[in-house]
């Protein structure tokens, strides 16, 4: 008789549940570990062509997986681009949600976005999408700027493009950005559960949005600006444009489950398919954000959920929208106070070359959630 059989039934059941949950918990904790390099300095990208020399690591680089470190070694100059793309993504996340209950809070250290990423909710979906998009965007732009040794502009578009224009110039290398982003960002995901599928899908949605928002730019050539012929190239969108699209997709995100209707014993092939929780809804497209868990209300502080609450947040007393005091303060009410502010005003440019301004003081009315 084995030791397991000697245990009381409630003990064996508890142990079994704990052991079953352990891989999922470990996978959740490993997701997004690479975000810890957000503030890394470009000077740490100490790379050489000699395979016998190792990448010099600072503590935050230890958060990268073996594959991620290998990709950094193989692409000199790319570490700064990845870190810069992540910083831009964080700023964009904060901008897009600045007037909502969840305002994309971040913290120093390896757990950049806090405990919310351990939940399969909409906010986690947006975080994964915007950070993936940020890396793809930054790497593609760095290629065309010549900052990465292993890539250049996208020169594949050459020759006539239309009756009065042709391809030329330096197109942003979105293909390299997407490929590197997929290899680097997705390799940080472990497991084969629904959370794993959700994160991979949202990572790809971020990259796809950068690609789909690219636009053609042209320059005219001809006598006296007659624009007889134009030279055109493909240009990346701003990350703000990408963030606007992803924010809209956050609002319309699809709640999903496994393609085999939620069984946690799906085959590998079945795991590659996500289906809407509501059978009446269309399956999520590659552009859509997906989630499987309801979001907290973010109204009050919760250490377990990692939510700060909205107490003390500034609100708009005249707005019926999400930034209004009624919604943002969760019905708790708000306080009003005045603040005297001194700002530069009536600035005048003097030739040459300085600007003179006056200091103007005015009273600002502030509304804060209770």
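Glycine residues also receive a Cβ, built from the backbone N, Cα and C atoms like all the rest.
Secondary structure at residue 93 (disulfide bond), taken from DSSP and collapsed to helix, strand or coil, is helix. In the structure as shown, the Cβ atom of residue 93 (disulfide bond) sits within 10 Å of 25 other Cβ atoms. Look at Swiss-Prot and you will find 93-104 (among others) tagged as disulfide bond.
The disulfide bond annotation in Swiss-Prot covers 143-151 (among others). Of all the Cβ atoms in the protein chains shown, 28 others lie within 10 Å of the Cβ of residue 143 (disulfide bond).
The feature disulfide bond is assigned by Swiss-Prot to 153-170 (among others), with similarity to another entry given as support. The secondary structure of residue 170 (disulfide bond), as reduced to three states from DSSP, is coil rather than helix or strand.
Annotation comment: Swiss-Prot describes 218-232 (among others) as disulfide bond. Secondary structure at residue 218 (disulfide bond), as computed by DSSP, is strand. Long-range C-beta contacts of residue 218 (disulfide bond), restricted to its own chain and to partners at least six residues apart, with a cutoff below 8 Å, comprise 165, 230, 231, 232, 233.
For 220-227 (among others), the entry in Swiss-Prot reads disulfide bond. Under 8 Å, Cβ to Cβ, and six or more positions away along its own chain, residue 220 (disulfide bond) finds 226, 227, 228, 229, 230.
Take the CB of residue 299 (disulfide bond) and look out to 10 A: across all protein chains shown you find 17 other CB atoms. The feature disulfide bond is assigned by Swiss-Prot to 299-330 (among others), with similarity to another entry given as support.
Annotated disulfide bond per Swiss-Prot: 315-325 (among others), in sequence order, evidence recorded as similarity to another entry. Within 10 Å of the C-beta atom of residue 325 (disulfide bond) sit 23 other C-beta atoms, taking all shown protein chains into account.
Reduced to three states, the DSSP call for residue 369 (disulfide bond) is strand. Annotation source Swiss-Prot lists disulfide bond at 329-369 (among others).
Sequence-distant neighbours of residue 345 (disulfide bond) (same chain, six or more apart, CB under 8 Å from its CB) are 357, 358, 359, 360, listed in sequence order. Taken from Swiss-Prot, the feature disulfide bond covers 345-360 (among others).
The disulfide bond annotation in Swiss-Prot covers 347-357 (among others). Cβ neighbour count for residue 357 (disulfide bond): 11 (other Cβ atoms within 10 Å of its Cβ, all protein chains included).
Secondary structure from DSSP puts residue 353 (disulfide bond) in coil. Residues or ranges marked as disulfide bond in Swiss-Prot: 352-353 (among others).
Marked as N-linked glycosylation site by Swiss-Prot: 29 (among others).
Residue 316 (N-linked glycosylation site) counts 17 other C-beta atoms within 10 Å of its own C-beta, drawing on all protein chains shown. According to its DSSP assignment, residue 316 (N-linked glycosylation site) is in a strand. Marked as N-linked glycosylation site by Swiss-Prot: 316 (among others).
Sequence-distant neighbours of residue 346 (N-linked glycosylation site) (same chain, 6+ apart, CB under 8 A from its CB) are 357, 358, 360. In this structure, residue 346 (N-linked glycosylation site) is part of a beta strand by DSSP. Swiss-Prot lists 346 (among others) with the feature N-linked glycosylation site.
Reduced to three states, the DSSP call for residue 359 (N-linked glycosylation site) is strand. Per Swiss-Prot, the feature N-linked glycosylation site maps to 359 (among others); the stated evidence is sequence analysis.
Marked as O-palmitoleoyl serine by Swiss-Prot on the basis of similarity to another entry: 224.
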Integer Cα-Cα distance in angstrom, residue 170 (disulfide bond) to residue 352 (disulfide bond):
37
Per DSSP, to which secondary structure element type does residue 151 (disulfide bond) belong, with helix, strand and coil as the options?
coil
Counting only residues 6+ apart in the same chain, whose Cβ is under 8 Å from the Cβ of residue 329 (disulfide bond)?
310, 313, 315, 369, 370
When you put residue 316 (N-linked glycosylation site) at the centre and draw a 10 Å sphere around its Cα, which of the disulfide-bonded residues 104, 143, 153, 325, 347 have their Cα inside it?
325
